[in-house]
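**Q** Summarising the annotation, TrEMBL assigns domain '4Fe-4S ferredoxin-type' to 3-33, 35-62.
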Ligand code: SF4
Ligand code: SF4
């Protein structure tokens with residue numbers, strides 16, 4: 001099964017801390033109008049780093 005981080009759009013507040021935590025380039029995409037992030041799942045290595053920094057618990061590996 002292919003694993004990737006997933007964003008809970010109800011919980012994300014668009015603080016962008018996850019973007020700075022991710023060691024892979026261009027995984028997170030910030031959506032300024034919605035004020036949240038989305039994930040390019042094909043680039044995510046499912047390392048889980050971003051899930052540890054999100055204070056809103058908006059990120060899960062699945
Ligand atoms: S750290 Fe969490 S709340 Fe902040 S932008 Fe990332 S997913 Fe959203
Ligand atoms: S799980 Fe790792 S590779 Fe995937 S978005 Fe989070 S920090 Fe980046």
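Cβ atoms here come from the backbone N, Cα and C positions, even for glycine.
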**Q** With DSSP helix as H/G/I and strand as E/B, how many residues of the domain '4Fe-4S ferredoxin-type' (35-62) fall in helix, strand and coil?
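**A** The domain '4Fe-4S ferredoxin-type' (35-62) comes out at 5 helix, 7 strand, 16 coil.
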**Q** How does the domain '4Fe-4S ferredoxin-type' (3-33) divide up by DSSP, counting helix, then strand, then coil residues?
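**A** Once the DSSP states are binned, the domain '4Fe-4S ferredoxin-type' (3-33) shows 5 helix, 7 strand, 19 coil.
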